[in-house]
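Below is one structure, written out as structure tokens; comments come after it.
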């Protein structure tokens with residue numbers, strides 16, 4: 001007689017590396033790296049390259065962990081929405097329990113690594129950021145209030161403050177200004193997208209602003225937030241931690257952002273209304289990228305030039321003198 005032991009069945013998928021990489025939300029992770037780098041570079045003293053690289057890696061992993069935990073919890077609504085139906089869990093390529101374990105493991109590793117290579121203030125704030133995104137936004141706000149993206153958007157705005165804290169061991173007004181720019185940018189960015197996908201959100205039961213307050217109210221709030229964003233984007237120059245070039249760029253970009261937002265508010269019906277909302281969504285990405293790219297470039301170029309001069313003079317002292 002053959003005895004077969006009965007054990008609890010555990011769902012295990014045949015997921016590959018690309019599936020787990022998709023759980024990290026790489027597009028969001030790249031934005032986190034970029035904004036955290038900007039926060040790190042505005043620190044008054046330069047951070048050691050190895051410490052800086054390791055800190056950015058830890059912050060990126062923390063952002064990826066948040067994405068994995070978000071997909072684990074939102075698997076039910078991801079399967080309903082067209083935009084998210086092809087994510088690894090709805091497709092059955094990654095089991096929910098695997099995504100949960102993956103996200104929790106990366107969360108611990110990212111926080112612990114940042115604490116070791118930088119400092120525990122930055123690590124603690126990274127842990128808080130993960131908690132805020134997963135628990136406050138994903139588990140609570142997202143399904144309960146049309147202000148979900150307003151309050152929850154703080155999680156996506158924290159990386160510059162984490163980067164600054166990793167470089168200095170404290171926070172500053174300058175890092176908070178970068179946080180505020182992303183925080184105020186988030187509602188018009190996501191509501192412009194939500195205007196064209198309100199039916200998708202309705203089917204998933206997510207109370208986005210267009211579904212709860214209507215398209216007209218959403219368009220008005222997009223304009224109001226953009227009116228706040230335009231002068232706020234100039235603040236780094238006015239406060240002295242960004243250059244004149246940044247100041248002129250931020251003024252031009254702010255004016256363009258206002259133009260796109262005003263069109264969304266004025267044209268509320270017909271094919272042009274949807275087209276203007278999509279245009280605002282696309283430009284908002286360019287707006288944030290160019291603002292932070294200018295900060296990164298103007299801080300990195302002197303560092304790269306100085307390192308190049310040091311390397312060439314050290315390696316070929318006779319040739320360059």
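Just so it is clear, glycine is given a Cβ too, placed from its N, Cα and C backbone atoms.
Here is what Swiss-Prot records for this protein:
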TRANSMEM  28-48  transmembrane segment
TRANSMEM  49-69  transmembrane segment
TRANSMEM  94-114  transmembrane segment
TRANSMEM  116-136  transmembrane segment
TRANSMEM  149-169  transmembrane segment
TRANSMEM  176-196  transmembrane segment
TRANSMEM  222-242  transmembrane segment
TRANSMEM  247-267  transmembrane segment
TRANSMEM  277-297  transmembrane segment
TRANSMEM  300-320  transmembrane segment
For the transmembrane segment (94-114), distant same-chain residues with Cβ under 8 A (at least six beyond the ends): 10-13, 15, 19-20, 23, 54-55, 57-59, 61-62, 64-69, 71-72, 75, 88, 122-124, 126-127, 130, 134, 162, 166
Interface-richest range of 49-69, 149-169, 277-297 toward the transmembrane segment (176-196), CB pairs under 8 Å: 149-169
Non-local residues, at least 6 beyond the ends, that sit with Cβ under 8 Å of the transmembrane segment (116-136): 51, 54-55, 58-59, 62, 65-66, 69-70, 73, 103, 107, 110, 151-152, 154-156, 158-159, 161-162, 165-167, 169-170
